[in-house]
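Colleague: Take this structure, written in structure tokens, and hold onto it; I'll ask about it next.
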Amino acid sequence: MTNGKFFLGRQELLGLAILAALIFIVLPASIDIFRLNLIGKYLTYAFVAIGLVLCWGMGGILSLGQGVFFGIGGYCMAMFLKLESSTPEATKIQSTPGIPDFMDWNQITELPWFWVPFNSLAFTLIAIFVLPAFFAFIIGAAMFKRRVGGVYFAIITQAIAAILTILIIGQQGYTGGVNGITDLRTLLGWDIRTDSAKYVLYFLNGALLIGVLIACQFVLKSKLGRLLVAVRDKEDRVRFSGYDVANFKIFVFCFAAVLSAIGGAMFTLQVGFMSPSFVGIVPSIEMVIYCAVGGRLSIFGAVYGTLLVNWAKTTFSETFPELWLFGLGALFIAVVLVFPNGLSGLYRTNVAPAVDRWLGRSSTSAKPPLEDPQAAE
Amino acid sequence: MNTLGNNTDFLLSIENLSVSFDGFKAVNDLNLYVDENEIHVIIGPNGAGKTTVLDLICGRTRTTDGSIKFRNKELTEMKEHEIVREGVGRKFQNPSIYEDLSVFENLEISFPRGRNVFGALTFKRDDEVIARVNEIAEMVFLDELLDTQAALLSHGQKQWLEIGMLLIQDPELLMLDEPVAGMSVSERKQTAKLLNEITKGRSVLVVEHDMKFVEDIAHRVTVLHQGKILSEGSMAKVQADPKVIDVYLGH
């Protein structure tokens, strides 16, 4: 039985330890701050990929719109930082000092009402959790209560990602338009552009990621985790066992949305800007690819998949900028055809039994749920 | 047989039930009653509406007209999971189990506790759950296979597992759709024994084709034909009914 007294088994503790060692020791010790900052940026996508493991891998709900929630988190943080850097002194050359520069360029003379609360860091931090959950709840309730699922759900989430992008670009005066919200400088007076700040943010991001992994492990090891797999396998059976299936789907969709938003907020802090190019259809699908490459059934796999794909993206697009997109497409096809359970699937079949023996226990816990989640609905 | 008394005496009473799909009446003005502790079998030719009746009771299909009362509580307006919580369990025709989970986990999920999101997050596998799962597993002949992944079970074992998943909910009315379809002779005998055992303290409504099996278990038989009741009573009486012989048993 996988369910011992504690929700972290030996395999999981080992996985956490290796990942923590990689993030906190190996990488900072071996690469410069520029590259480390890049890794930090990749790791913010890992939050999204982990959410997709729960939502898609376990629950069979494929969302092609996770960029929406990444964007909500990122924009919340960006709005706060932008307001902080738009003091009347810093913006005194504008026709309306004290408002973000792009508003001034768009002949807006007053801070819009929905920007006002983002003067408060406390409000911003709460919004990063509450807004995506609320938004996901609305979408989830509207879809899952009506039993919309599978491909239809994927298409609708994709449409929402497209709508949000168009909205952001169209409402340039309120959102910064296609350029996004740029020129972010300080967090409560602390300059986030310095090397030391980048180190601090990188470690904060890593710690949050480890925390999120532990939280996900808790969910997966609870009965709710097994229920998600059950819903993916035989939704009707779960329903006729006395469960309101829609509520569980809404929960996991909201949970994944909040994880994505945390990633988005950390992205803004580390990269220093937020734009609609991280919200729309293409980034959302790329995030699904990270998850698929890592293995949609493993939260650890999702992290490594994200790192690998992004590393490849950076390396190849530096050398062959035109070929990268083809490479990404080929990678996705290869994952689907050759190793459908991704890196973690390869790990589970080839490495995990040996690790289990080494840890001194039988290999009963390494049972890969192999059912195809795309067959949901 | 139509001298039906007070409704309140029945566990389940279906009255004037109709459902039509695009004008086709799959069930037409049906009246059906299930007593406490009764094994009631519905038989009939293909397309007679047998499975549809079960679907209507458990809320999978919405009724067009009529009423379904369980312990005098109207089920037609309730959601599926609410009907289950009232005490109606349903087994599907094809074994419907969670293939990726172990036999133990399959049974555990059906244990009637922690059925909302928060309850599922905080659900503890305590002694009560383990004892109950073991007890049910023994009843359905799967006590040796608790750690086996459900996908690896034989067809008959999958059917038993699903029956076990229903038993652990302890429903007052258990509905089984062709429980012995695809089973071997010995599995069939074991299933008949199992059904006779589990009917203590609950009622069972069975849809079945296998006449030998029906004879073994049925207290009362209803013959459906084109969405209507053709005959009702004991197996012997139904088998002797010329109308039934004509359309169904025949030859």
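Including glycine, each Cβ sits where the backbone N, Cα and C put it.
Predicted automatically and left uncurated, TrEMBL annotations should be read as such.
As listed in TrEMBL for this protein:
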- A:13-34: transmembrane segment (TRANSMEM)
- A:46-72: transmembrane segment (TRANSMEM)
- A:121-144: transmembrane segment (TRANSMEM)
- A:151-170: transmembrane segment (TRANSMEM)
- A:199-220: transmembrane segment (TRANSMEM)
- A:241-267: transmembrane segment (TRANSMEM)
- A:287-311: transmembrane segment (TRANSMEM)
- A:323-343: transmembrane segment (TRANSMEM)
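Each of these features: where is it, how hidden is it, and who are its neighbours?
Modeller: Tertiary proximity for the transmembrane segment (A:241-267) is limited to same-chain residues at least six positions away from its ends with a CB under 8 Å from its CB atoms, namely 40-41, 43-48, 50-52, 54-55, 58-59, 61, 63, 66, 69-77, 128-129, 131-133, 135-137, 139-141, 144-145, 147, 149, 201, 204-205, 208, 212, 216, 219, 224, 227-228, 231, 235, 274, 278.
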Colleague: Do the transmembrane segment (A:199-220) and the transmembrane segment (A:121-144) share at least 3 Cβ pairs closer than 8 Å, excluding pairs fewer than 6 residues apart in sequence?
Modeller: no
Colleague: Hey, does the transmembrane segment (A:121-144) touch the transmembrane segment (A:46-72), meaning at least 3 C-beta pairs closer than 8 angstroms, sequence gap 6 or more?
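Modeller: In this chain the transmembrane segment (A:46-72) contacts the transmembrane segment (A:121-144) - 3 or more Cβ pairs sit under 8 Å.
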Colleague: Given the transmembrane segment (A:287-311), which of the listed stretches A:121-144, A:151-170, A:323-343 has the most Cβ pairs that are under 8 Å apart from it?
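Modeller: Stretch with the highest Cβ contact count: A:323-343.
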Colleague: Report, as numbers and ranges, every residue of the chain located at least six residues beyond the transmembrane segment (A:323-343) whose Cβ falls under 8 Å of a Cβ in that stretch; write 'none' if there are none.
Modeller: 286, 289, 292-298, 301, 304-305, 308-309, 312-313, 316-317, 368, 370, 372
